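Noted in Swiss-Prot for the protein shown:
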DOMAIN    1-229  domain 'ABC transporter'
BINDING   Gly31, Arg32, Ser33, Gly34, Ala35, Gly36, Lys37, Ser38  ATP binding site
DOMAIN    293-360  domain 'Mop'
Amino acid sequence: MLLIDIKKQLGDLLLDVKLSLPSSGISAIFGRSGAGKSSLANVISGLTSPEEGRITLNNRVLFDSESKVSMPPEKRNIGYVFQDARLFPHYKVEGNLLYGCGGKRTPHFNDVVKLLDIESLLTRYPHSLSGGEKQRVAIGRAILSEPALLIMDEPLASLDLPRKHEVMPYLERLAKEIKIPILYVSHSLDEILRLADNMVLLNQGSVSLSGDITSVWGSPLMRPWLNASEHSALLEGTISELHSDHPMTKVTLNNSQQGIWVKSPCDCVEEGKKIRLRIRANDVSLIKQQPQHSSIRNILPVVIEDLSEDKENDVVAVKLNLSGHVLWANITLWARDELQLGIGQSWFAQIKGVSVTQSDLCSK
């Protein structure tokens with residue numbers, strides 16, 4: 001487990017973080033530019049030091065201001081992948097990778113090369129690689145050092161969209177196949193949706209919220225950080241049925257019998273596969289009685305848990321309980337008043353099957 005309790009002054013920003021992160025999975029650090037995300041990563045890695053506090057990784061003290069312990073970066077056993085790959089230009093790809101594992105080619109070396117699909121790059125120099133290829137090599141070098149923690153600081157930020165699409169499948173494979181805990185710094189919700197198990201919301205140098213990704217994503221505290229089209233809930237479940245006649249897939253939510261029909265994702269259409277889906281609040285409507293004839297494929301029983309009014313934008317955010325899962329619906333103030341919505345009322349949430357697109361789905 002990574003335990004952080006530090007303070008560091010960064011110009012006008014005070015980085016004041018108290019946080020515990022699990023020793024497995026991917027923990028995403030999310031926040032706006034200038035929130036202190038990269039500064040926090042640098043403090044953990046030892047590239048910079050806080051004024052006061054304590055950092056431990058798996059019960060190993062990395063920094064303690066009281067006992068004057070400040071372990072240098074090379075002793076912390078932390079891998080770091082930066083926004084720019086920072087490969088050694090005078091080494092070929094193989095040399096860069098071997099640097100990560102002490103110069104010896106081991107079975108682990110071959111596994112990582114295969115995982116990242118970089119065998120064809122081994123004899124090339126960094127200057128001849130695309131941005132996406134450089135990042136894959138940088139990730140491989142960091143993994144080969146067998147770190148106790150891998151920090152990835154916006155690894156896709158410097159890439160154009162095609163290169164991001166090139167690298168993302170490899171990051172998804174890493175999330176599933178390597179056992180190293182990863183701290184993933186990003187301001188991209190799409191990246192976090194596809195990769196993270198846990199999420200930390202950092203605001204002006206302090207932690208506003210942390211926990212498993214579905215609870216943080218569905219929290220009202222996330223809404224100010226998102227524009228109207230991004231207001232959404234994350235749901236996790238298992239593919240339980242494939243429609244026999246149409247390209248539609250039923251996802252049964254975790255710890256529930258409730259199912260949601262979505263367009264079949266092209267990369268994970270098999271029963272029993274775990275999947276995560278994003279339901280946008282603008283795609284959810286409410287109806288009091290279940291209709292008998294409707295083109296909408298998902299009409300789900302819900303209970304209103306909260307209503308949050310935004311008069312400036314004429315929107316009411318309705319927090320719904322869907323079989324123990326959080327769902328959000330954005331409606332107008334007019335609809336709220338006419339329907340006389342109130343906390344504790346039972347309604348039906350309507351979600352069109354086509355509203356959940358490929359970008360809203362990922363396998364887990």
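One is the number of the first residue shown, and numbering goes on along the chain from there.
A Cβ is built for glycine as well, from the same backbone N, Cα and C atoms used for every other residue.
This view paints the features noted in Swiss-Prot onto the structure.
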residue	record	contacts (Cβ under 8 Å, 6+ apart)
Gly31	ATP binding site	Lys37, His187, Leu201, Leu202, Asn203, Trp225
Arg32	ATP binding site	His187, Asn203, Trp225
Ser33	ATP binding site	His187
Gly34	ATP binding site	Leu13
Ala35	ATP binding site	Leu202, Asn203, Gln204, Gly205
Gly36	ATP binding site	Leu10, Leu13, Leu15, Val17, Leu202, Gln204, Gly205
Ser38	ATP binding site	Asp153, Glu154, Val185
How many neighbouring Cβ atoms, not counting its own, are there within 10 Å of the Cβ of Lys37 (ATP binding site)? 22
Summary of DSSP states over the domain 'Mop' (293-360), given as helix, strand and coil counts: 16 helix, 34 strand, 18 coil
Those same-chain residues, other than Gly31, Arg32, Ser33, Gly34, Ala35, Gly36, Lys37, Ser38, found with Cβ within 8 Å of the centroid of the ATP-site Cβ atoms are Ser39, His187, Leu202
Restricting to the domain 'ABC transporter' (1-229), report the mean pLDDT as a whole number. 91
Return one of helix, strand or coil for Gly34 (ATP binding site), based on DSSP. coil
